[in-house]
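Visitor: Quick paste from Swiss-Prot:
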- 80-91: disulfide bond (DISULFID)
- 90: N-linked glycosylation site (CARBOHYD)
- 129-137: disulfide bond (DISULFID)
- 139-167: disulfide bond (DISULFID)
- 217-231: disulfide bond (DISULFID)
- 219-226: disulfide bond (DISULFID)
- 223: O-palmitoleoyl serine (LIPID)
- 263-282: region 'Disordered' (REGION)
- 265-274: compositional bias 'Low complexity' (COMPBIAS)
- 304-322: disulfide bond (DISULFID)
- 313-317: disulfide bond (DISULFID)
- 321-361: disulfide bond (DISULFID)
- 337-352: disulfide bond (DISULFID)
- 339-349: disulfide bond (DISULFID)
- 344-345: disulfide bond (DISULFID)
């Protein structure tokens with residue numbers, strides 16, 4: 001299935017919405033970053049309407065950091081579209097024929113987009129830091145007090161012995177800079193229910209990224225032996241993280257505004273169990289139990305009102321096509337086959353023809 005570019009999605013979105021909003025910074029996703037580096041300081045944000053003075057200042061003072069922030073935003077939108085490609089809402093930012101967008105509605109879809117965008121920015125900045133691409137940051141912090149120490153004699157050590165070393169992804173920097181930039185508008189309107197929702201979901205995205213970090217290790221020794229093992233912390237691939245966040249989307253909690261405080265309502269969430277709903281009933285959205293849960297204020301729009309004609313629906317046609325039926329086509333495609341490893345270091349493949357079936361909504 002062809003995936004539309006996230007840049008195009010963002011452009012379409014901002015043709016629909018007034019940029020004077022919490023979403024104005026998304027306009028950066030269509031900004032040309034090719035000349036942004038530590039040696040030159042083009043004002044990447046000068047033509048982006050709706051940014052706060054603080055965002056404009058950060059953009060002017062940190063062009064190289066903003067370049068990777070933009071890259072993270074683009075990655076988030078692209079990954080969102082890929083994750084939802086087989087669902088009724090495929091992460092499109094406009095609803096043809098409806099005259100609105102999911103992001104104008106404080107829905108579970110909006111909750112996911114905010115969370116994935118905040119995490120995408122942090123992911124991109126954290127990885128750029130660990131690669132030495134940003135002068136203002138370096139490797140992430142090394143965990144302390146692990147109690148696992150490598151020993152000199154391989155025969156007397158267990159496979160779990162290691163020392164923290166190497167270069168961890170700097171998620172702390174990514175989250176800190178991302179929060180200061182992305183959350184700027186909503187922090188200034190923190191008494192408004194929609195801004196409270198946005199800030200909560202941004203925090204969830206960043207917190208889940210930290211929680212998803214894994215230990216990666218490398219052995220050191222003669223002839224492949226593991227006399228010493230060093231380990232560091234790395235983030236998961238972003239598409240893997242997006243899949244985990246999708247589970248949170250399915251279990252997102254409906255909240256209501258109660259005297260400028262968001263409270264979880266006892267309304268069923270997609271894929272949730274009655275037990276989990278009873279547990280969350282009448283719970284403050286800022287409570288400890290809700291720290292890792294997405295929240296939303298409004299029901300989702302009717303995605304069956306969208307013109308889905310000719311949309312590829314895969315194995316989920318009854319849901320995506322909304323009962324309008326679908327057609328199946330058979331196509332011959334080229335794909336690599338009979339691949340062989342050629343020393344050193346190349347993989348050579350032949351090209352084979354394959355008959356595939358594709359389903360499209362009527």
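Numbers here mean position along the shown chain, with the first residue as 1.
Keep in mind that glycine also has a Cβ here, set from the backbone N, Cα and C atoms.
Can you walk me through where each of these features ends up in the structure?
Guide: Within 10 Å of the Cβ of residue 91 (disulfide bond) there are 24 other Cβ atoms, across all protein chains. Look at residue 91 (disulfide bond): DSSP puts it in coil.
Other Cβ atoms within 10 Å of the Cβ of residue 137 (disulfide bond), summed over all protein chains shown, number 20.
According to its DSSP assignment, residue 139 (disulfide bond) is coil.
There are 21 other CB atoms within 10 A of the CB of residue 231 (disulfide bond), with all protein chains counted.
DSSP classifies residue 226 (disulfide bond) as coil under the three-state reduction.
Proximity of residue 223 (O-palmitoleoyl serine) to non-local residues of its own chain (separation of 6 or more, Cβ distance below 8 Å) is seen for none.
In this structure, residue 304 (disulfide bond) is part of a helix by DSSP. For residue 304 (disulfide bond), the same-chain residues lying six or more positions away in sequence with a CB closer than 8 A to its CB are 88, 322, 323.
When other Cβ atoms within 10 Å of the Cβ of residue 317 (disulfide bond) are tallied across all protein chains shown, the result is 23.
Around the Cβ of residue 321 (disulfide bond), the number of neighbouring Cβ atoms within 10 Å comes to 21.
Other C-beta atoms found within 10 angstroms of the C-beta of residue 352 (disulfide bond) number 11, with every protein chain shown included.
In the shown protein chains, 10 other C-beta atoms lie within 10 A of the C-beta of residue 339 (disulfide bond).
For residue 345 (disulfide bond), the Cβ neighbour count at a 10 Å cut-off comes to 6, with all displayed protein chains included.
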Visitor: Quiz question: given the disulfide-bonded residues 80, 322, which has the greatest number of C-beta atoms lying within 10 angstroms of its own C-beta?
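Guide: Of 80, 322, the one with the most crowded Cβ is 80.
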Visitor: Using Cα-Cα distances with a 10 Å cut-off, which of the disulfide-bonded residues 80, 219, 337 are near residue 349 (disulfide bond)?
Guide: 337
Visitor: Of all the disulfide-bonded residues given, namely 139, 167, 317, 321, which is spatially nearest to residue 217 (disulfide bond) at the Cα level?
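Guide: That would be 167, the closest of 139, 167, 317, 321 to residue 217 (disulfide bond).
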Visitor: Cα-Cα, whole number of Å: residue 337 (disulfide bond) versus residue 80 (disulfide bond)?
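Guide: Checking the Cα atoms of residue 337 (disulfide bond) and residue 80 (disulfide bond) gives a distance of 30 Å.
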Visitor: Hey, what's the Cβ neighbour count for residue 129 (disulfide bond) at 10 Å?
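Guide: Residue 129 (disulfide bond): 27 neighbouring Cβ atoms within 10 Å.
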